[in-house]
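In what follows, a structure is listed as structure tokens, so that the remarks can point back to it.
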């Protein structure tokens, strides 16, 4: 792709927001909690000293120590932070093409950011010493050349430090810190600051706020006068009142708009976020521009997400993190060992298998031996295939079944599914055994045939877990056919499933169709589908293959 191609920056931002909407959260409450803690507890005399340091043209090791010490104090006061979490993505986490795409873009980012050591354009420095660089600047000035900063009003600040690696992750704004500084140093109430920044955030949902917008909003919100009208300097810190810092704070306060700033990365959703980012990249033909300059929206998201596999990439404190994105996220293109009948491949959505003890694994293996691969085996799930919350595997001839649950990573999507489909409440998943669902799928016999009602989601679920060997048969019942035995099944077997306690609200567009008043339970659905094929309820008694104390974690006892 030609590097001269213009970047439709805000369109890219909107596309990334849409693609990553399921990973955004409502952050206002946490941000304000952190902001109040900082405002009440931080030594703002120390803040003023650091702000003076950052206005200096040249800064020393002692200056950097002041910044790092203050960052540590802020980090201790905050709940919203990113921690050191290095990630190696392998085949199975992402496809080969996706891994290669990611590796290429991280390498380009390394050349763009790492080699330059700054975000903006700058003169080539080669391996010249600082005294040689100063002399070169003097010669150019005598000859009438302008300083080649590439930014008309920006100021290049120089850090003359013995260990440049200590500069990493000490910069970047945090909404909680921005709000606290505007409140305390601006002599404002936090409510006034929040109202003003919220206006900026709402504007940011439709465009990038600029200085003209800021001037107009300042007429309504006087506290915005503290925002600097100058272009940002290189290596701007969270203690500066820049427009970009204010806009980021506003984005974290509006509780809507699918703002990228509100993404939270966890080990369970990391690879899914990367996959969604690469999907948006392909749709909009996004690219990493290796030329010096500010990061475009795709570069910015990729850098921030890959910096740590756990935390808030945009708005959290990240001063705990060592290294850069290309250090902390790496790609291994070697295929994973064949998991055989035991372990699934991960796709970033599955809880870790290490949560199961060896004894628990042995119990599950023994239970799996009781399934007869030559007879019908049903499978059903609740929740999306990339984030399932319930799994049932049921064999009608024997009455044996696996039935387990899993906490979702996308709580917003889960609540929507609970309201309109399965009725599972989040509190009823708190004791779900981590790793169990994935382990069961990994242990299913090789090349087994699974019967389903609607195969698409099950196929995707199995593919995510590296079980492409499993074949599916879709009975393709109509919605009306599949529910013929619904009431009878619930009356007889409701004791088998006690997690579906929410009220089901029909979607408006379905009011004219058959309204399903009962929640969807993966196990009971398998039973009613088989009942439709048989024309009656099961004759055999149903027997769980796993004890309840394995499916659910023991709750801690209350001690006086």
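Positions of Cβ are set from backbone N, Cα and C atoms, glycine also.
Site annotation (Swiss-Prot, ligand Mn(2+)) includes 380, 382; from 230, 525, 534, the additional listed residue is 525.
Per Swiss-Prot, the stretch carrying the note region 'Disordered' among 269-295, 296-322, 323-349, 350-376 is 323-349.
Confidence over the region 'Binding site for the cap structure m7GTP' (54-236), given as mean pLDDT on the 0 to 100 scale, stands at 82. When the Cα atoms are compared, residue 380 (Mn(2+) binding site) and residue 390 (Zn(2+) binding site) turn out to be 8 Å apart. The shortest Cα-Cα distance from residue 457 (site 'Important for exonuclease activity') to any of the binding-site residues (382, 497, 521, 525) is found for 382. Cα spacing between residue 497 (Zn(2+) binding site) and residue 382 (Mn(2+) binding site): 13 Å, rounded to the nearest whole number. Listed binding-site residues: 497, 521; maximum Cβ neighbour count within 10 Å falls on 521. For residue 525 (Mn(2+) binding site), the same-chain residues 6+ apart in sequence whose C-beta sits under 8 angstroms from its C-beta are 380, 392, 453, 482. A straight line from the CA of residue 390 (Zn(2+) binding site) to the CA of residue 382 (Mn(2+) binding site) spans 5 Å.
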